[in-house]
C-alpha cells in the first residue's frame, strides 16, 4: 500500500478530501506526507499545516515511499473513528516508519502511544506550532526562496473550484454525547477581516463555492461581546458580495437563524441550511442536553420556507440514544414526516470515551438501533425521492465537479459536496470543466440524484 489514504471515517455527514497534493520536488528537498482524516474542520487544519511547511521549503508527497516523514491528522469524535485513526497511524508506521500524529485524537496522547509507541510525536487539534516543531525535529527544513513558491491561497486539499472557509474554532455547548469542547476548547471566532481576506483570495484564485464551516457557525462572533449581537449576519452578507456560492454548514438552530433567510431570498448566499437537529422528542433532547423545542422548530421551518420557498434543509439525527423508547422514536418519525427535510443523515448512537452520555441508563440494544436506523432512513429516502421527482422539468443552475469520458458530475445549489446528491449530464458535456456554472433541465430523478441536459439561456 504505497499511496496514502485520504478518506475520513464514514461516520459523520462531513466532506471528505478528494485530492492528494503532489508538489514538485527539487534535489535534496525535505518531503512530508499527510494523511488527513475526519471532518472539514480537520481538513482545514491539514491545509494550514501543509501551507506552513511549503513556506519553509518542504515538498509534499502523495505516497509513503517519497516522504521523509508522515503527518497523520486524526479523528477522535467516536470510538469507531478512533479505531480507524489508529489503523491509519499503524499503516503509516508500516509503510514509512516516521510518523507524527496530530488532530482530535492527539488530545489523548497516552491512547495513541499505548497502541503505537514508535510514533515520533503527538500533538492535539489545531496545535500548528507543535506540529511544525515535531517536523523540524524529524526532518530539518531546507528552504530555497528562489525556488519554493507558495500559492496566494496556500496549500489546498479540495478541488480548485470549491473551498472550506473555517470561521471559528471550538464550541460552547455541552451536549452529553459530544466531546468536541473537551478536544477543541471553547468558541474562539476568527476576526471578520481575516475571514473576508481569506475568502477574497480564494475567489480571486478561481474558487466558485465557499463552504462556511465551524463547530457552531451561527454562534460566530458571540465570544467577542461586542456591539453586534450576531456577527454571523454581517459576515454572511459580506461573503455574499464576493460573487461565489456561499453555503452555510453546522448552523445551530438559534432564533436569530431566521435573520439569515432574507439573505438567501435575496440570492446573496445559497438557500441552504445544514442544521443538526439530532432528535425531535423533548425528553430525548433533554437527555442530550440540547434545546427541547421540536414544535417550535417546525414553526421555524415553516417560516423559513415561507420567506424563502427555494430553501434546502439538511440535518442529522441520532437514533438509539440511551433511554430512547419506541414512542420517542415514533415521535421522531412523525416529526420527519411533518418537517419534510430535503437532505438527511442519521447515525446510530455509540459511546464515546469521555462523553457524559455513557453514564446514562437504559442503553438501546445494537440490533434495535440498527432496526430504528433502517426505518428512519427508509422514510427519509422516500421523502428525498418524492422531492427530487418534483424537480423533473425544472431548470436549475449547477456547478460542475468532475468531467470524464462518460459525462459530467454536477451539483445544484441544493447539494453540498460529498454529503448530498449529484446531477449527472450524459450528453453534450464535452466542453465542460470543473467549476463551470450552467443551467440544466432535469429529465430524470432517483432516490438522491438527478439527471438532466444542459440548456442555453
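Every residue, even glycine, has its Cβ placed from backbone N, Cα and C.
Feature annotations, courtesy of Swiss-Prot:
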type	residues	note
DOMAIN	30-140	domain 'MTTase N-terminal'
BINDING	39, 75, 104	[4Fe-4S] cluster 1 binding site
DOMAIN	157-386	domain 'Radical SAM core'
BINDING	171, 175, 178	[4Fe-4S] cluster 2 binding site
DOMAIN	389-456	domain 'TRAM'
Do me a favour and check the Cα-Cα span between residue 104 ([4Fe-4S] cluster 1 binding site) and residue 178 ([4Fe-4S] cluster 2 binding site); whole Å is fine.
12
If you count CB neighbours within 10 Å, which one among the binding-site residues 75, 104 has the smallest count?
75
Using DSSP reduced to three states, classify residue 104 ([4Fe-4S] cluster 1 binding site) as helix, strand or coil.
helix
Nearest to residue 75 ([4Fe-4S] cluster 1 binding site) in three-dimensional space, by Cα, is which of the binding-site residues 171, 175, 178?
178
Given the binding-site residues 39, 171, 175, 178, and counting only Cβ atoms in the protein chains shown, which has the most within 10 Å of its Cβ?
39
Excluding 171, 175, 178, please set out which residues of the same chain place their CB within 8 Å of the center of the CB atoms of the [4Fe-4S] cluster 2 site, keeping sequence order.
173, 174, 177, 179, 180, 181, 215
How many whole Å apart are the CA atoms of residue 178 ([4Fe-4S] cluster 2 binding site) and residue 39 ([4Fe-4S] cluster 1 binding site)?
14
When the domain 'TRAM' (389-456) is classified with DSSP, how many of its residues are helical, how many are strand and how many are coil?
1 helix, 34 strand, 33 coil
C-alpha spacing of residue 39 ([4Fe-4S] cluster 1 binding site) relative to residue 175 ([4Fe-4S] cluster 2 binding site), in angstrom:
18
Inter-residue Cα distance where the pair is residue 39 ([4Fe-4S] cluster 1 binding site) and residue 171 ([4Fe-4S] cluster 2 binding site), in Å:
15
